[in-house]
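Structure record follows, encoded as structure tokens.
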Amino acid sequence: MNSEKISQQSSIRESEIKNDKAENALVEDQPQLTNDREEKIQLQNGSVLKDSSSNNLKQNRRRAIGSHYIDPNQIQEIHKRNTSCKNSLKNFAISKSFDIFIIILVIIYTVLVFILFALDNDENKDDDTIQLVIDIVQYLEMAILGVFIFEIFMKVVIFGFKEYFKDSWLVFDAIVIFLSVLLLVLELTFDNDNFSTISKILRSVFRFLRLFLVFRKVNQFKKIAITHSRFSQKTPVEAILDIMNNLKENVDDPKYIQDLDYAIEMISDNRLYEPIVQKGDQDAENWIGTYAETKNKKNKQEKGKNNQNTTSSKDLNSQYGKSQEIVYNKLNVTQDFMNYFEKVESLEFEVFDMHDKIQEYHLANLVVYLHQKYDICQKLKIDPKVLFDFSNRISDGYFPNHYHSKMHAFDITQTTHFFLTTCDFINIGNLSPLDMTTMYIAAACHDYEQGGLNNVYLINTRDQLAIRYNDKSPLENHHLSQTFFILKEQNNKYNFTANFSKENYKRFRERMISMVLATDMKNHFADQAKLKGRLAAEFDPQEKDKALCMETILHAADISNPIKPWKICENWSHRVLAEFWEQGDKERERGLAITYLCDRYTTNKSKSQIGFIDFIVKPYYETIKQFLPKLEPFLNNFEQNKENWKLKIAYYDEELAQLNKEKEESLKKKQDINIRVNK
């Protein structure tokens, strides 16, 4: 019995100890009452000994807490409410509606600043009406600046001071806003007469800074527009990035946020399979530097190259020429071509009409014209005559296919130029002369010696190209290898790169290879997903993502038929299907599976082109318009062309029915002949 009582008393005492510990945890700010009265428990000889002050201590603690005693469950509930409020505030701060609200304020603010510039001068000093208007505008300006200050405080509370102000531009924005408020207070507090000339100059400077602030915010909203936009197709990469970004928004631990940022960067940069090297492991770094061309290494090289070689379109005609040692005379482009080249930046370029009326040198004249238009030949020391001969040699290497002909090479080069100029990629990508010549040459050569049969056919028939390149983009690899062989032909007769520096030639070759390989349709969806992943991160078309943009634009030009005006679109569609069907006939003869769209007896022209628009071209163009916003108006051509194709569905159904009827009749005749012969 005694042992049972002792056991019960022990368990009771243990529960009291736990409660006391809980109370101690709740009273973080309360001073310790006394060390001498600390409660001690000892179990000796099966008896429980208590400090005589134990109960008094517990009572004193409760008195110390007083009415502030809170149940642990209540604390947990309060924490949940605080977390929920913070998350709600965060969702509000990063919401699209709040961004739109700030955009509207920025527009109003811009108007107000220009009104102040127009009215606040010595001529209107004595006009009471204008001075009243100025006062009203200043109060409105003060209210908008107050909203901007509220925005800053709100985001500092949500994201933390260090996290929000790690961007130096945000620091500058905050300083400009606070100083602008200070200046406004002074203007509204004191009469204008009390300000000296220096003060007026300071007011003008600060108003200029306010405009600078506005333009900074507009640039931020361009990024926000990309972030909030939702593409027509969702890829696993995008879904994963969305999950991680949402997770980051609901995590407060800076360490976890840093880890999530790292994971997001690795995924968006496609760097998941790079080796990780510990700092200081020089041997590992040497091995990896030799055999693994990692993204980090390439990005560092790329940045250096851009610093040395890049010039934007604004500066294309002002740099390079003065220090040039070699000066080449320009080649004359005949007037016949110049008449057509007036539309060289348009999707309405009459490529078929030009090839009908002018018999030769189409591609060579276009390539030389584009290089001379931007003075690229002088800046890169390219001999225009050698460039002309090279381009003509490339043009002659295109076989007379229905679709993949020298006219196709011309069309893709011209369409690439459309993206550079009309869609403004020259400025968006801050293209250097080397970048531009790479894009033009890659477009001109991208289907060199294409035999009218696609990679699937070459692989299925074990063609020598498929064997040579191990079934990896055999056509595209062939186009590239033959192009670079031409550069070495006949004592550099066609080598327009002869005066390139080693670094420029290496960069030219690397970009050429990546761009032409990107035209393999097998890579279409993977490359589109990669582009979407990059657009969801900190997209940088001038450095980090320039190569990806160049690859994307060439592929976009290569599948651009459906975005052209109807007559051009229809003509190209007839040509490509004629080429496909010839391949299908060969596959049928050889007992191979007929490639999709290559069976003339089952493919409705209209339906095939509508599907090509809906599933391939339109989603791709909707993605690239995120970094080429001027492409947007031309996307309407997709719907117009689809409507035209829909009107012809019944016609092509009848054509198919007639074709199959003729096929059956032909087979029946052959069977009858065979029967007669056998008799």
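In case you wondered, yes, glycine gets a Cβ from its N, Cα and C as well.
TrEMBL lists HIS446, ASP447, ASP558 as binding Zn(2+) 1, and of HIS402, HIS408, HIS524 the one it places in that same site is HIS408. Looking at the stretches 467-508, 635-676, the one that TrEMBL records under the feature coiled coil is 635-676.
Each residue in HIS404, ALA409, ILE412, ALA443, GLN450, THR519 lies on the same chain as HIS408, HIS446, ASP447, ASP558 and has a C-beta within 8 Å of the C-beta centroid of that Zn(2+) 1 site, without being one of the site residues. The Cβ of HIS408 (Zn(2+) 1 binding site) has 22 other Cβ atoms within 10 Å, all protein chains considered. Within the same chain, residues at least 6 positions away in sequence whose Cβ sits under 8 Å from that of HIS446 (Zn(2+) 1 binding site) are ALA409, ILE412, GLU476, HIS479, MET515, VAL516, THR519, LEU554, ASP558. For ASP558 (Zn(2+) 1 binding site), other Cβ atoms within 10 Å of its Cβ number 21. Within the same chain, residues 86, 89-90, 93, 102, 105, 108-109, 112-113, 116, 164-165, 173-174, 177-178, 180-181, 184-185, 188 sit at least 6 positions outside the transmembrane segment (139-158) and bring their C-beta atoms closer than 8 Å to a C-beta of that stretch. Secondary structure at ASP447 (Zn(2+) 1 binding site), taken from DSSP and collapsed to helix, strand or coil, is coil.
When other Cβ atoms within 10 Å of the Cβ of ASP447 (Zn(2+) 1 binding site) are tallied across all protein chains shown, the result is 25.
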